[in-house]
């Protein structure tokens, strides 16, 4: 699989980045297998060009982006974000992408559109996990995700097309994926082909699989444990082996306090 | 007719040496890789999975010994049973120590609360304690001392194996294929002992039915 160099506005950060080799070898992308190393092993043949990303639903101006459009239609920005997995590990990743709000504004949402529904490519020929439930971890494919419109319009929410200066490798969700840094990683849906404005809260894959364990909101929250494990702390994956592993406190909204107003008055234990 | 296998003393010694070197060598190499960051993105998770699954593998192997002895009508297989069982406990010790050292990083309060709050950890810890008791009483001196109670105590291995299977399937997110295969293997091994395992149940049933 060939990645390309990207031109983008860079961001400075004091955080220690997770090494690129780990960002691209430790992935959850069940379409290619459930082990962390499966996606890197099995996804290298993924065809991303041509690609079609359809933006439609309750919008005035639906449109489709092709593979080249993903890199040229909007100005690319670097965003160094913490990524907190629901499995209690985390990384710091230099993404390159576009604010989702730029894309949504171009489509001009109608006032009836209250939620945004996302869908991953469905292509069982290319994705062994979609062919075989034993490989795909029992998820009902295609993988679907969703956000409330105000979450989707928040300036922190991006569509990533690259990381570490280059376009995304397949295991990280090439050619285009969502990144919502204050939510657990499974919200950040990969290899997106459809973004649709809808009226009602859309179904989401992990919620369909185990509703008591994975909610629609999935905001990072140290005070709401997963039913089977604690979410109070996390292991930050940086460089180094066993003895340099770094266990730190998990922060509410993964430390992105600016999103708190989105959830004012909501019981976050109930809407987990 | 099944042909009888007979191990010569040097073959038994050789097999035991092989078990020792594989069990210790494998752990040594894997920990070396984890310490030097050659074990994937998350060496802590990798070590926890490696030690846990190795303990389970060894326990299943030790449970294979008496059916093999019966099938080949060769009691010598029993001579490997204790060694494999002790190495299962050895890996279970590494599993718990690694969890405490690298996952919890010596937060003892967290260890206690996790054991109490998380059913899959409660279950895993219970199995660990059973293995501890069986390991301590595994010597021939203890066997002599405990007499008939020794066998009754060591039958707890079947409960431990079931708890370990439960611990495993409960700990995964949704990919239950591998744990399901392990449960199937365990079911076969327990099935071979169904008479022995059902006997106490039959006793209870008889008591209930005669009383009624």
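Glycine is treated like the rest: Cβ placed from N, Cα and C.
Just so it is clear, the model here is predicted, and its values are computed rather than measured.
Annotated range for transmembrane segment in TrEMBL, selecting from B:176-192, B:193-209: B:176-192.
Broken down by DSSP into helix, strand and coil, the domain 'Ferric oxidoreductase' (B:51-164) contains 101 helix, 0 strand, 13 coil. A Cβ distance under 8 Å defines the sequence-distant neighbours of the transmembrane segment (B:12-34), meaning residues of its chain 6+ beyond its ends; these are 43-44, 46-47, 50-51, 54, 58, 76, 79-80, 83-84, 87, 90-91, 94. Within its own chain, the transmembrane segment (B:176-192) has Cβ neighbours under 8 Å at 56, 60, 63-64, 67, 158, 161-162, 165, 168-169, counting only residues six or more beyond its boundaries.
Within its own chain, the transmembrane segment (B:122-141) has Cβ neighbours under 8 Å at 82, 85-86, 88-89, 92, 96, 115-116, 150, 153-154, 156-157, 159-161, 163-164, 166-167, 170-171, counting only residues six or more beyond its boundaries. Only residues 6 or more beyond the boundaries of the transmembrane segment (B:84-102), in the same chain, are considered here, and those with a CB under 8 A from a CB of the stretch are 19, 23, 27, 44, 47-48, 51-52, 54-56, 58-59, 61-62, 65, 111, 125, 127-128, 131-132, 134-135, 138, 157.
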